[in-house]
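A short worksheet on the structure shown next.
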C-alpha cells in the first residue's frame, strides 16, 4: 500500500501559483515581447548527472507564433536543447562548479535574429540525516506491502484508501526540475532498487515532462504545464532490482493540472451584424453575440459575462439596447427606432471571465453593428396635385405624362416602390400607368386608340401606393392622389370605305358601260373640310373604272365568270380614296363582285381523240361533255349525231348512258382502218339550252383478240399551228445565215492565204529576201548538221572557189544552172492568175532545184547568214556601187531580186 505524507507542503506550490495569478490579473496584461521571459533559469540537481537526463526547460516567448527558433548550448559537449526548450545532459558526469553556469542561444531560422539566456545549476544541499529522513517521510509514496501466503504466493495487503492524485498548477515558474513526490519501496532496505515512471509525459509523447531519479525515486516536473493542452497525466511507477527484475507491482500516479486564469475570452467574430425593424417595441430580440474562453468552464476562470460598453449614435436614447450578461442576447429596451433618422447603431460589447469580475477577470471586446430595417411607414406623395399631357389621336403606346412622387422609405424596397392606379376619368380603359423601376415615376401611357372627334380631353384621377401595405396606424395623406389632364390632338386620318369589302351580285356578260355600284369612302376628320378623290388600285382583268369624284364604278369590258381572274365566282377589285389634307392620307377598299352564271358556254366532247377496232366488237368509245358553266347551265347533257353528212349516221351510232356520259359505236360491221372525224351534237340543260357540234377524232385500227390496236402510231394533228410554222421558218433562216457567214469567212481566209503566198513566191517582189522564221521545228537533220562546214563568208565568193562540203538543203547547187531570160517588166498586179502560172512554169523548168516550196527548218544558221546583213542594201538611187552577184547563189526564190540588182540596166 502507498501513502502520502506532508500534504500541506504539496499544496504550497498551488497556493503560490494562485497568488501569482491574482497578482497578474490585478496588474493587467503586459505587452508580449519576443525572447526569453527570464534573465536566468535555475535548476537544483543532485551530485551525479546521468546521460540523457532532462535538467530543466527554458521557455521562449514567440508572440506571433510564426517564428521558427532553433536552440544551441554554449557547452554542446555537456548539454543539448531540443526544439521544445528542454535541456538534457549529453553525458554522465558529477556536477561541479565548472558546469554550474552556461548559456542557451535561440536563433530565428529566417531572420537570423538571436537571443540568449543564462542557465545556473546548483547542487542540492547536504541536509543532516535527520532532516533527510524527515523529508523522505513527508514526501513519499510507498509501494503497497506484500504478504507471503502459505502457498508461497505474494498477496497485497489490503488497505481502505487509495493513492490520491497530485494537483499541479499550470504555468509554474519553477525552478525546474521541480520536485513533486518521492516514490519508494519498503524493500529498498534489503535490495538495491531502481525506480522509473512510464506513460504520456514520461516516456511517451510528450516525453520528458516528468522525470524520476532512478536511485532516490524522486519524481520531478521539468517545465511549466498547460492545462489547455493536457489537463491530466496518468503515470505508472515501477521498481526493479539491479538485474531488472520487478520487485513491486506498478502503481498508478495521476497528476491533475490545476487551471489558472491565463486565457482571455475570444469572440467568435470581431464584428457582429444584426437587424431590427424600425418602430420595434422594447424587448424585441435583435441578435446574439458569443465569446469563448479556453480556461476551465467549471471554474471562475471560464465563466463569462457580457455587457455593452458604448452605443453610437446615442439618439434618441443612449441606451436603446441591452444585453443578457450570460447568454449574449441583445434586445431593445427603448422605443423610437426610426430608419429615416438613424439607419445603423454600433455597440461595443465586452466579455469578461471570472463572472465579470472587474478586478481579477480578463476581458475582450467586439463590435455589434445593428441595422435598422425599413418598414412602410411613409406613403408616397405626389410632387404636384395636377399633371398635364397631350397625345395625337389614334396613337397607342405613347407616354403622355410623367408622374413624380417622393417616398422617405428606403429606395428600391417594397416599401418605396410605387404602384399607380387610375381611380377615375377613364371608364373605357384607354390609359395605363407603369412605374419606372429606377426613378419610381409613373408613366401615363395610351393603350387604346383615342378618336379626337369623340373625345378631345380626359381628366384622370390617379393614386399612388406601395407594393406593401402601410404600417399599422398610418393613413394615406391627400398628397397620394393627383389629377392628370390629357389633351387629344386632331390629326389627318385615313379615309375609310364602309363597308369594306363591299360585295355586289351581278350576272356575267354585262356589256361595257354598265354602272355597277357607287363605292365611296368617308373622312373621319369632321372638323377638317377635305375633298376625296378615287382611283383604281387593282383590277386584274381591267373590267372596271371608277369616277374620281363620286366613286361610281362602271364596266369597260364584258364580265366573264369563267375568266381565270375569277376565284370561286368572285372577282376582286381594289380602289384608293385620297384626301387633300396635310399631309394627304389615303385608304383602300375592296369591291367583290359575285358573278352569277349564265349559259354562255357550249359543251365540248371529252376526250377529243379515241381509237376503236375495225369491227363493232369487242369495244366501244365512252365520251362525256365539258361545260365551263355551272348548274343549272351545265349537265345533264344530250348527245346526238348530225344528219349531215349521211355517212356519220350510217357508220356510227351513239347511245346516252346517263346525263353525263354516252357511248359511240360502229354501226356497220366493218370500217376500214384510218382516222375519222365524227361530229357529235351536245346540248346542255341551260335555259335556253346551248348546243355545240364537237369533233371527235377516232382512229380505226386493226385489233388483236383482246381488242387492242396493233398499230403503234397514234393520232397526230392534221396540220401545224401558225406559231409552229413561224418558229420553223425562223430556225431555217438562222441556219441559212450561219452557213452563208461561214462560206464568206472561208473565202476571205483563202484570199488572205493566197496574198501571203504572193509575197513570198513572185519573181517581181523586191522583198523576196525576207524569210519567215517563226517555225522552228526540226529533227535529227539539224542536229547532225556539221556546223564546222558552214560557210561564213563576209562577202559573196565566186562559185569556182567555194569549198566542197555539206551544203544546206536550201542552198543553190554548185553545178551550172540554166539561165532564164530577164523579163522586161513585171506582170500587172491585177493579173493574179497569169502571175501565178508564170511562177509555177519557172519552178517546173528547173530540174535541178530542190522543192524550195516545202517546209524548211531554220532553227540554227551558224554565226552568220549567207544573205549577209540587210543593212548593206541600198537602192539604185543612192548612187553607191554595190556588188549584187551573190544574189545569184540564193536560188530561184531570189532570182527576181538578182535580176533587178545584178542583171543589167533594168
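Any Cβ shown, glycine's included, is placed from N, Cα and C.
Ca(2+) 1 binds 170, 226, 228 as Swiss-Prot records it, and from the list 108, 252, 262 the residue named for this site is 262. Record note: of 325, 874, Swiss-Prot gives the feature N-linked glycosylation site to 325, with no matching annotation on the rest. Listed ranges 725-745, 746-766, 767-787, 788-808; the one Swiss-Prot annotates as transmembrane segment is 725-745. For residue 353 (Ca(2+) 3 binding site) paired with residue 295 (Ca(2+) 2 binding site), the C-alpha to C-alpha distance reads 9 Å. All chains included, 25 other C-beta atoms sit within 10 angstroms of the C-beta of residue 260 (Ca(2+) 2 binding site).
When the recorded positions 293, 622, 651, 692 are ranked by how far their Cα is from the Cα of residue 228 (Ca(2+) 2 binding site), 293 comes first. Following the DSSP three-state reduction, the secondary structure of residue 622 (N-linked glycosylation site) is strand.
Note: the CA-CA distance between residue 293 (Ca(2+) 3 binding site) and residue 262 (Ca(2+) 2 binding site) rounds to 10 Å. Apart from 170, 226, 228, 262, the Ca(2+) 1 site neighbourhood in this chain, defined by C-beta within 8 angstroms of the site C-beta centre, holds 171, 225, 227, 229, 257, 259, 260, 263, 294, 295.
Neighbours of residue 260 (Ca(2+) 2 binding site) among the recorded positions 226, 301, 622, defined as a Cα within 10 Å of its Cα, are 226, 301. All chains included, 10 other C-beta atoms sit within 10 angstroms of the C-beta of residue 96 (phosphoserine). Restricting the recorded positions 226, 301, 325, 402, 651, 692 to those with a CA within 10 Å of the CA of residue 259 (Ca(2+) 2 binding site) leaves 226, 301, listed by sequence position.
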